[in-house]
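These notes are about the structure you will find just below.
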Amino acid sequence: MKIGSHVSLSGKKMLLGASEEAASYGATTMMVYTGAPQNTRRKPISDLRIPEALLHMEENGIEEIVVHAPYIINLGNTTKPETFELAVSFLGEEIRRAEALEKAKHIVLHPGAHVGAGEEVGIKRIIEGLNEVLTGDEKVKIALETMAGKGSEIGKTFEEIAAIIAGVTHNDRLSVCLDTCHVHDAGYDLIHDLDGVLESFDRIVGINRLGVIHVNDSKNIRGAKKDRHENIGFGEIGFDPLHRIVHHRDLAHLPKILETPYIGLDPRKKVAPYREEIAMLRSGNFDAEWRLPLIGTSI
């Protein structure tokens, strides 16, 4: 099973450090931002220590890199032309950086927000942006992420994702990242009807479009449209449904990426939960007490 988490690509070790962090969690895949997600500052590709990282990945059984595009990319913006043009040009740069990592197959992208113009207008704008970016020669696919429906986010329904894909000329370079927290918060019933949700996705989008799974529990009840991640088994989705998802026959080949919150009462000393969460999801054994020394409460 390909399972891992978001890891940091920063400091002197860059991608090598990210691979070392992933290995410390027992991961077999990992997700990185190629720079800070909230700005456009980027280190040169030559500084990322890619050859050393690829060797370390091979030695430690880390099969694949998932790249996440920065949050500042909003292809759905219809009110500020400069924001849209920045999104288009910067996404193109991020694709080239992802390709340079060699082990990356997908770059996850939040489709965008219409900022008040409405879903139909926003979808058209996203299609326009993707058609400007994609040439058909890309070595990585843009994985459109399913969204929770917070604010004016586009991508909260499978129909919206399908509409974007249908409008893009080189849509063979598009895939989908299914985020469990987002799908739950958008109203889909992963707890009682996982097969029904996947059948609906297959009918509307196509199950073969799935490229990445973001595995997150949710602090919110189903349909809340709030997008607040929780540690595996401690949220409203629960451990058993998430365990079923990561082991589902139709999803077995996909990289599963955890984006759950760090643990600890002191904001300066919080620690990553990923080693424990990966181990629990692999084994199927949920430990409701493992956070106690760090947070002081169980579920």
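Keep in mind that glycine also has a Cβ here, set from the backbone N, Cα and C atoms.
Owing to the predicted nature of the structure, the values given are computational and were not obtained by experimental measurement.
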- Task: Among H170, H182, H184, H192, indicate the single residue that Swiss-Prot lists for the Zn(2+) 3 site containing D227, H229.
- Result: H182
- Query: Which of these, E21, E132, E138, E145, does Swiss-Prot list as part of the Zn(2+) 1 site with H68, H110?
  - Reply: E145
- Query: To which of E99, E102, E259 does Swiss-Prot also attribute binding of Zn(2+) 2 at the site defined by E145, D179, H214?
  - Reply: E259
- Find the shortest Cα-Cα separation between H68 (Zn(2+) 1 binding site) and the binding-site residues H182, D227, H229, E259, and name the residue that gives it. E259
- Query: So around the Zn(2+) 3 site, H182, D227, H229 aside, which residues have their CB within 8 A of the centroid of those CB atoms?
  - Reply: A148, D179, C181, D185, N216, S218, K226, R228
- Task: Excluding H68, H110, E145, please set out which residues of the same chain place their CB within 8 Å of the center of the CB atoms of the Zn(2+) 1 site, keeping sequence order.
- Result: A69, Y71, V108, L109, A143, C177
- How big is the gap, in Å, between the Cα of D179 (Zn(2+) 2 binding site) and that of E145 (Zn(2+) 1 binding site), rounded to a whole number? 7
